[in-house]
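Visitor: Pasting in a structure now, in structure tokens, and then I'll have a few things to ask.
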Amino acid sequence: MLWTVLFALLLILVLQTQMFVCLKELRTRHSTLSFSSSSSRSSSSSSSYNKTQQRLPGAIIIGVRKGGTRALLEMLNLHPDVEVAKAEVHYFNVEEHYRRGLDWYRSQMPLTSSGQLTLEKTPGYFASPPVPERVWNMNPAVRLLLIVRDPAVRLISDYTQVLHNRLTRHKPYQPLEELLLHNGQIDPGYKALQRSLYYHHLTQWLDVFPKKQIHVVDGDALIRDPFPELRKAERFLKLSPRINPDNFYLNTTKGFYCLLSDGHDKCLDESKGRPHAPLSAQVLRKLCRYFEQPNKMFFEMIGRSFSWC
């Protein structure tokens, strides 16, 4: 009888111990779930509060090379509702980059809030045949900025940049006239010349995009007096007018306008405003005559004209 009582007491003790362990486990799980739920709510609340993320661009400066794309990008970046990709991405015109897909392209963009415009610029896009359709496939509603300047001046600036890069690497480079002329006539095969045939490249874009989605910026006017061109660009991009004449001042040493915002000034790097390579007056006249008809065709396409050459 005594052994039976002792065995019953021992069994009750074991059951109480197991019950205690189970209750402790249930409390721990409940505490963990509550904390997890609280953390989730906190994280959700934080995400809701902080909506910045990398977005595909709503606008792209597509060119032209040596037309003032960097100046235009930096000036538009003065606007509080604009965030820009700091480097040229070359997504649509470099096959290696394009194969990486839109997620890679998006990863090259700045962080923006939902009300801000993401802007990137790659001047190589304008003259690259596959690019217009690729941009359309990315976003048919994207707004495109094309900044142009006198095509002869652009060509000389293009050559000057290549010449400087070659000399920096201690590599020889032909004089401009040797590249530009063949048997005393303008050589249409010279690449820098082809980039200045604006009508040809714009035709490829207008085959894909309606004209209203492409805004032409006067690059020469942007150098002389930036504010009017920036105000037109703001309207095209559907931005509130936040850029003012006070955001610009003429740097007499550099010979072009610098930017001023919140008490801080910024000038473009030394490569901008670099003295152009020489070209004789005779060859320049030939070049201007060569561009007369292509320029006329370009003016008809955009419905406005410029005083070039």
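Positions of Cβ are set from backbone N, Cα and C atoms, glycine also.
Unlike curated entries, TrEMBL annotations are predicted automatically.
TrEMBL feature annotations, pasted as is:
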- 1-19: signal peptide (SIGNAL)
- 59-289: domain 'Sulfotransferase' (DOMAIN)
- Lys66: active site, for sulfotransferase activity (ACT_SITE)
- Lys66, Gly67, Gly68, Thr69, Arg70, Arg149, Ser157, Tyr257, Lys272, Gly273, Arg274, Pro275, His276: 3'-phosphoadenylyl sulfate binding site (BINDING)
- Cys258-Cys267: disulfide bond (DISULFID)
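Walk me through where these features lie, including what they touch and how far apart they are.
Guide: For the domain 'Sulfotransferase' (59-289), the model's pLDDT averages out at 95.
Around the Cβ of Lys66 (active site, for sulfotransferase activity), a 10 Å sphere holds 23 further Cβ atoms from the protein chains shown.
For His276 (3'-phosphoadenylyl sulfate binding site), the same-chain residues that are 6 or more apart in sequence and have a Cβ closer than 8 Å to its Cβ are Val153, Ile156, Ser157, Thr160.
Just so you know, the Cβ of Cys258 (disulfide bond) picks up 17 other Cβ atoms within 10 Å once every protein chain is counted.
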Visitor: For Arg70 (3'-phosphoadenylyl sulfate binding site), just count the other CB atoms lying within 10 A of its CB, please.
Guide: 18
Visitor: Starting from the Cβ of Ser157 (3'-phosphoadenylyl sulfate binding site), draw a 10 Å sphere and report how many other Cβ atoms land inside it.
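Guide: Result for Ser157 (3'-phosphoadenylyl sulfate binding site): 20 neighbouring Cβ atoms inside 10 Å.
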Visitor: In whole Å, how far is Arg70 (3'-phosphoadenylyl sulfate binding site) from Cys267 (disulfide bond) when you measure between their Cα atoms?
Guide: 11
Visitor: I'd like to know which of these recorded positions, Cys267, Arg274, is least surrounded, judged by other CB atoms within 10 A.
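Guide: Sparsest of the recorded positions Cys267, Arg274 by Cβ contacts within 10 Å: Arg274.
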Visitor: May I ask which residues of the same chain, at least 6 positions away in sequence, place their Cβ under 8 angstroms from the Cβ of Gly68 (3'-phosphoadenylyl sulfate binding site)?
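Guide: Gly68 (3'-phosphoadenylyl sulfate binding site) has long-range Cβ partners Ile147, Arg149, Val217, Gly219, Leu222, Ile223.
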